[in-house]
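What TrEMBL annotates here:
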- A:12-32: transmembrane segment (TRANSMEM)
- A:70-94: transmembrane segment (TRANSMEM)
- A:71-262: domain 'ABC transmembrane type-1' (DOMAIN)
- A:106-127: transmembrane segment (TRANSMEM)
- A:139-162: transmembrane segment (TRANSMEM)
- A:183-208: transmembrane segment (TRANSMEM)
- A:243-262: transmembrane segment (TRANSMEM)
Amino acid sequence: MGTTRRRGKWLAAEAIMIVIALIFLVPFYFLLVNSVKSFGDILTNAAGWPKSFLWGNYAEAWKLTAFPKVFWNSLVVAVVSNVLLALISSMAAYRMVRRDTRFNRLLFGAFVAAMVIPFQSIMIPLVKVVSTIGLMDSRTGLIICYLGFGAPLSVFLFHGFVKTVPKEIEEAGRVDGCSTYGIFFRIVLPLMQPMVVTVIILNALWIWNDYLMPYLILQNPDLQTIPIATYSFFGQFTKQWDLALPALVLGITPIVIFFLLMQKYIIEGISQGSVKG
Amino acid sequence: MKSKKTSQLLQQLVFVGPSALVFLVIVIFPFLLGVYYSFTNWNGVSRHAGWVGLRNYVHIFSADPQFLHSFWFTVKFTVLGVVLTNILGFGLAYLLTRPLFTRNALRTVFFVPHVIGGLLLGFIWQFIFVKGFAALGQSTGFSFFNLPWLGTDSTAFWAIVIVFVWQNAGYLMVIYISSLNNVPKNLIEAAQIDGASKGQVLRKVMVPLVMPAVTVCLFLAISWSFKLFDLNLSLTKGGPFKATESVALNIYNEAFNISRFGMGSAKAIIFFIIVAIISIIQVRATKSREVEI
């Protein structure tokens, strides 16, 4: 008796949760269903099922947004920035923990303090600095900006993790004739793998979706990433929902697929990052 | 002896050098330069930036009602955004740590809005507020859906709140889930044996033990909502008539739309100081309420 009542109670909770989940999904329903309607159908019948499925909307949006190109641009920037950021920040954090000099302590303090600086607080002079060093309108410039602005949080996360790596293992490696570089790349970095995953996931979501940085650094349309291409597409085709909606579906598809494939790591990575942060 | 010293220096350069260099060039130097610009009337183009002392700051506080409006808008938005995302995130997490069959699927659904960037979400929801809600209003007759969502000051404000909560509650939920799962079972059982009710277990045992997660979630939500930008830009563009312009968007417009880089820099510095003060207060206040097992 007691157990059935208990199960009944959780069933009620489950039903409520499923209803909330359906409400959460409503925006995606609107987006998908209307993306294959004709313009007239969208205006008169935005909530209903399409009268006919116009897959041509997608072909048109694919062409007009130059989707393969902007997807490639986003991918290159996100992957290169991520790999380099994880590499340089893990190296810096390792060194700062193991060589606790006054300089390193000061530098780490600066990294921690800089975590609170909002991007809008440095964006105006940043544009000036980037153009002075000749990296305006280049992918390299954008990537360097991500490395610099991403370094504080990444260094901070690695710094907390290096402390949990036992020194004894490193000493064993040294006795076996490993150099400092060998110890880092062969012993420490593999041991830090959970934090590497966390850092890469947090930075990947940020960089992939970031709008303002590439908007300020890049002008060449051939270098546009997905968010800036979407923004300028919307400026051009305001209220042309039969083109705008399929373009939005294309825009969100890569990151949603990435999430569904990597879900386990993403959820773990966020839990990890927050416990340490 | 000397070679050991040089090898240490080389290691310092190799390990710390790259991060330190990009950090100095991309964050520290622009930040200091921004402090300097905030005392000038630089327009972003001319070579010369004229020194104006504190005039920009005086102007902002005495003759720029739009900035003060943006500030209050951002504060109101932050309060509501932080409270609602945390309540919903914690509620979802609490139920998802119960024995539900569809637990994993539900978690996926609640989290997925977060992986999509604010800019694209704003455009998606623009369609929903303008066309989707109108259609729902026609078929259901609920007046809620027939409001001019992006057309008036207060409904546009709530529109941004709704999308923000929808986007971020799932992320906080994930943090709360991992924290709730870490609450030792024997503590809960001990409380139940001592005769604590469900509500008492929640309030007296679980909540104190998840305080570290609350710290993190409050911190994240404050930081996201106070720096609201992408979603604001794509959903309302600050409209109608700048009623929903966040501080970040106001700074952006000041600098890149009307080319007052000096004034924009002064606003950026004020923005930084406020964010820094909030962060310090917030971390101090919640750290003191945490408990150790």
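Heads up, the Cβ atoms here are built off N, Cα and C, so glycines get one too.
TrEMBL entries are annotated by machine, without manual review.
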Beyond the flanks of the transmembrane segment (A:12-32) by at least 6 residues, Cβ under 8 Å: 46-47, 245, 248-249
Other parts of the chain folded back onto the transmembrane segment (A:70-94), taken as Cβ under 8 Å at six or more residues beyond its ends: 139, 142-143, 146-147, 150-151, 154-159, 161-162, 184, 188-189, 192, 195-196, 199-200, 203-204, 207-208, 214, 223-226, 229, 254
Range from A:139-162, A:183-208, A:243-262 with the greatest count of C-beta pairs under 8 A to the transmembrane segment (A:106-127): A:139-162
Intrachain neighbours beyond the transmembrane segment (A:139-162), with Cβ under 8 angstroms and 6 or more residues off its ends: 73, 76-77, 80-81, 84-86, 88-90, 92-94, 96-98, 108, 111-112, 114-115, 119, 122, 126, 130, 188, 192, 194-195, 198-199, 202-203, 206-207, 213-214, 217-218, 223, 273, 276-277
Outside the transmembrane segment (A:243-262), six or more residues from its ends: residues with CB under 8 Å to it: 31-32, 34-36, 42, 57-58, 60-62, 64-65, 67, 71, 74-75, 201, 204-205, 208-209, 226-227, 229-230, 233-234, 237
